[in-house]
Amino acid sequence: MNILAIDTSNETLSIAILKNKNLVATITTNQSKNHSVTLMPQIANLLKQVNMSITEIDRFVVAKGPGSYTGLRIGVTTAKTFAYTLSKELVGVSSLAVLAAPINEVNTVIIPIFDARRDNVFAGAYLRENNQLKNVIVDQHIPLEKLLEKLSDYKRLFFVGVDSHKFAERIKIVLKDKEIQFSANELDYPQAYYLGIMGLAQEPVDIHSFVPKYLRLTQAESQWLEKNQESNDESLVEKI
Amino acid sequence: MGNGEKKRELILAFESSCDETSVAVIEDGNKILSNVVATQVKSHKRFGGVVPEVASRHHIEQVTLCLADAMEEAKVTYNDLSAVAVTYGPGLVGALLVGVASAKVVAYAHNLPLIPVNHMAGHIYAARFKSEIKFPAIALLVSGGHTELVYMARENSYQIIGETRDDAAGEAYDKIGRVLGLKYPAGKNIDEMAHEGADTFAFPRAMMKEENFDFSFSGLKSAFINTVHHAEQVNEKLNVNDLAASFQQSVVDVLVYKTERALNDFSVKQLILAGGVAANQGLRDGLDELIGKYSGIELLKAPLNLCGDNAAMIGAAGFVAWKNGESADLSLNADPSLEFEWI
């Protein structure tokens, strides 16, 4: 099976082509100022370099969130339109799991983190068991302090992602009696090869209903829900 | 083809600049094979106006569904298509990006040219579904986001000759609608109320004396709000239909007057009325009256069902751009503040 894996969920843009578990080609860019401008030319270039046509891709795998709302929408719209228009498979994988995937530590809880501003983070916790990643704290939008509370049951912790360094001091203070490691170098950034590997193992999803996992309501919607609890169950979008 | 049969040129068009997701298939630039529109108006009613992040989220829910329905209704395959057209601005950036990303994928996956379309050119070309556009022409474009006069010397040429200095006309309708306690979007409601009332309040007509083709509606809006608030303070009950009629008459007078000036300065064959507010009956009547003064100029009004945002109009404008050799590469980005050039 040929896979095209796309991660545009944060500043890093990463794309990979896989033949089953084998890497065919990949490119990871930390200088992509605008994923809307760079994503499609990079996909076209990567395919060209390995003499493949987009029609040879059997499965599109995309990092589905959390992350930057705009970045997620560019990646997810691109992947779901490819899958739909070429009648191929679509798989979504947690953007946090992608960061956790290359960390090869056992008996250690792996915590990928994205900064969500104002002392909030997008984070989850994963354990490596039988060479599989097992999610032990579900991906969520959470104040950093609360996340650290939830992690106090674990002895060995491995924080992943370029944003984890921003919180290193506070993590070390709050979890001072734990064995703590942080990612470094290329492990700070998502690599679409691992996204592809994880996507290979999952079942395809329904294409039309697939949307990013923002893990946060918009401010307008949460304020509206406070005042109008469940009073609107009719469809919000209609064909005219 | 064969048997001397002319090949039909089909454009697949995407529109997602604000709160409607739309995909259409247009034949030869003037025939609608499908025009699927998913509107979010019910969702944004909750907030009294369009919330950009909510709009972007709805677009991604709808885009492939609209594409599927548009292709199916048109009974065409990707092999039948000549090009893919997409609105790349102006509009809400997050909303535009969904249509742009999707259109780029379809164009690349099926080896089709990608045609970038200015949303305002799309509005003008909604009129193409009524009859042919004759050049030179002037278009009065009135919507929730824009109010402008556009000169078209020839096909695929658009130059602004005047625009609003502050609020768009449609924006003013929504704002005074809120003051009157009407549900968003209020334009249609105010239009109907205006027809039950009379112009009794003598609201200002802005920039009528200035030697240009620009508009202003914020002064009118303030005058309206002051009138309503003052009446509330002194416990006076105003006739809301008269308020609506007075507001609308002021808007229509300014739009008609500036259009008249443009018709006097530019020698044109057609006046085109387009944009969301082009559905307004008061404005349609006002321009009918104006055009009666000019024997050589035809008034071409966008069909009522195509005045709002839709991809059919993007397909019609995209067809003209495509015929004129325009295309974009895969780096096409959304441009939220895209504008025609000034004359």
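Backbone N, Cα and C define each Cβ position, glycine as well.
TrEMBL does not curate its annotations; it predicts them automatically.
Here the structure is a predicted model, which means the values were calculated and not measured.
Database features (TrEMBL):
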| type | residues | note |
| --- | --- | --- |
| DOMAIN | B:31-315 | domain 'Gcp-like' |
| BINDING | B:His119, B:His123, B:Asp309 | Fe cation binding site |
| BINDING | B:Leu141, B:Val142, B:Ser143, B:Gly144, B:Gly145, B:Asp174, B:Gly187, B:Asp191, B:Asn280 | substrate binding site |
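Per-residue pLDDT, averaged across the domain 'Gcp-like' (B:31-315), gives 96. Taking the C-alpha positions, the distance from B:Asn280 (substrate binding site) to B:His123 (Fe cation binding site) comes to 15 Å. The Fe cation site, placed at the center of the C-beta atoms of B:His119, B:His123, B:Asp309, has further neighbours from the same chain whose C-beta lies within 8 angstroms: B:Glu15, B:Ser17, B:Thr87, B:Met120, B:Gly122, B:Ser143, B:Gly275, B:Gly276, B:Asn310, B:Met313, B:Ile314. Looking at B:Ser143 (substrate binding site) and B:Asp309 (Fe cation binding site), their Cα atoms lie 10 Å from each other. Less than 8 angstroms from the CB of B:Gly187 (substrate binding site) sit B:Gly144, B:Gly170, B:Tyr173, B:Asp174, B:Gly177, B:Gly276, B:Val277, B:Ala279, B:Asn280, each of them six or more residues away in the same chain. According to its DSSP assignment, B:Ser143 (substrate binding site) is coil. Cα to Cα, B:Gly145 (substrate binding site) and B:Asp309 (Fe cation binding site) are separated by 12 Å. Residue environment of B:Gly145 (substrate binding site) contains 19 other Cβ atoms, counted within 10 Å of its Cβ in all protein chains. Fewest other C-beta atoms within 10 Å: among the binding-site residues B:His119, B:His123, that description fits B:His119. B:His119 (Fe cation binding site) sits 11 Å from B:Leu141 (substrate binding site), taking the Cα positions as reference.
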